Amino acid sequence: MARVVLKLGDDISTDIIYPGRFMATVLPTETPQYAFADFPEFNARLKSGQIPPGSVVVAGKNFGCGSSREQAASTLKGHELVIVARNFARIFLQNAINLGLRLVVCPEIEAEEGDELEILPDKIINRTSGKVFKVEPLPRARQAIIDAGGLIPYTRQRLLEKVAARKRA
Amino acid sequence: MGLTMVEKILARATGQKKVKAGQVVEPKVSLAMSHENAALVINQFLEVYKDTGLKPRVWDPDKIAIILDHRVPAESSKTATNQKKIREFVAAQKIKKFHDIRGDEGGICHQILPESGYVLPGTVVVGTDSHTTSHGALGAFSFGIGATEMASVWALGRVLNVEVPGTIKVVAKGRFPRHVLPKDFILYLIGLITAEGANFKVLEYHGPAIESMDTSGRLTVCNMSVEAGATSGIVPPDKETLRYLREEARVKGKIEIFGPDPDAEYERVVEIDVSKLEPMVACPHTVDNVKPVGQVGKVKVDQIVIGSCTNGRLDDLAVAARILKGKKVAKGVRMLVFPASFRIYQRALKLGYIADLVKAGAVIMNPGCGCCLGVHQGALGDGEVALSTTNRNFKGRMGNPKADVYLCSPAVAAASALTGYITDPRKGGK
């Protein structure tokens, strides 16, 4: 079971998730401090450890639109948040998968802050409202990356295969 | 059924006769671009090589371009240190397409790439910047990726696990009326199909209004295609593409020109008659909140911004200079101009545009991303309003979530600079 800790609307841009003025900070170990920096109260709760890993942010359409900044994914990954949205913008979705941030595409999701969600592979059960919502699979093109635990281990694996193939040839 | 522009490019980049939308491919990359976020790419790249016993070497240093533009000159010691790390990496890896903070070759990545002849039609270009869609203006399949994805490209020379995108065909008919510019066309399109209307899709541009548009306008259109969610915008290359590449980008080598098949399969066709368009404005806080300038109401402006990768080219500066020459920016309005590159800056100097703008009261900033992304050089105060030719008006975009950003063409921006209010250039300007 996972609790909804933040509810957002449509078109949440990467400028809202990780404001541009913090872009000089790049390392995944350092970006989590600026997550949702322009929501000072929520940011303070994240930083003080009041939000347990696995907590859910619920959003509408086009979550993560805008800039390709990977900080927007690493900042959320740093807090092990789960993002449930009606859909995601392409680059953000890919960055999230590459870094192992958990995203759930749920086109009809209805949930309020404080609701308890049970997230299953094919559906979300809102235990507070009793409603059930269908989950759409992530792009199949990305499955190999998810299975490898992210793009860095996947690339490493592919690189070693390439080197081995070259040696054989 | 035939192939779209991007299907054809991806077939070539994967050594296949044809690929179709939905197929998963791993295309070879012809150009991989990064800016300051190369600092993160370097970190992730070294991470890939960790414990492999292999020496970290980029797959092809001649296919990597790094342009410092986002925070130039550095606004903080942190940025300066990252830029220093990038210079050291560039030297160690022998990357030649590196553009530092210099008055002879610097500028914004999305201007440096085309004007340096780094982008060729029919190729695959990736960049760690969402506005990498710009380079579709030259007939490349060009799209934005994250830093870790770029680290993977640096290691392997391919983008892994790409789903071939479906394509929306946009047909632009008619001729642009006076004071209606390519920026107005793309803002109108984004308003029409919404900020997520082309998510995971390609916008392929056709029609007489595109054919008669120069590369500068096409760069504006493809640049902002991402604001409709598009993976890429693309214009099938033509005579104008060849002219630009030979005359302006000074490309000497072979240039291959091909378009989509006549019977290509499109997911949707959108037709727009540009002769009916008006100057448009994207109102806060989403780029698809688009209205004709006459319907915006009376909005007082504190800061005018002309420039950026969207509208900082010579013709954009010419439009602004023409409207402002011999006049004055309204009292209480700050006008900032960011030429897209130093090559453009130098040409604008020679043509007198810079003098016209400065005499009118504008401040000429150094080429770079400047205040567009809200890091430095023109942050907004609480409750202030900016009218800008840049590409995003998200909350907080210009450094302050308590400020408003409106987007428009250089003509609307210049006309509004004279009055201090958002103004229709067909009425207010000249």
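All residue numbers here begin at 1 and follow the chain in the order shown.
For all residues, glycine too, the Cβ spot is worked out from N, Cα and C.
According to TrEMBL, the features are:
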{"type": "BINDING", "residues": "B:C309, B:C369, B:C372", "note": "[4Fe-4S] cluster binding site"}
Close in space, distant in sequence - B:C369 ([4Fe-4S] cluster binding site), Cβ under 8 Å, 6 or more apart: B:D69, B:H70, B:R71, B:I108, B:S308, B:C309, B:F338, B:V375
Other same-chain residues whose Cβ falls within 8 Å of the Cβ centroid of B:C309, B:C369, B:C372, the recorded [4Fe-4S] cluster site, in sequence order: B:D69, B:H70, B:I108, B:H110, B:H131, B:G307, B:S308, B:T310, B:G312, B:F338, B:G368, B:G370, B:L373, B:T390, B:N391
Same-chain residues at least 6 apart in sequence whose Cβ lies under 8 Å from B:C372 ([4Fe-4S] cluster binding site): B:V305, B:S308, B:F338, B:S388, B:T390, B:N391, B:R392, B:R397, B:M398
B:C309 ([4Fe-4S] cluster binding site): tally of other CB atoms within 10 A of its CB: 29
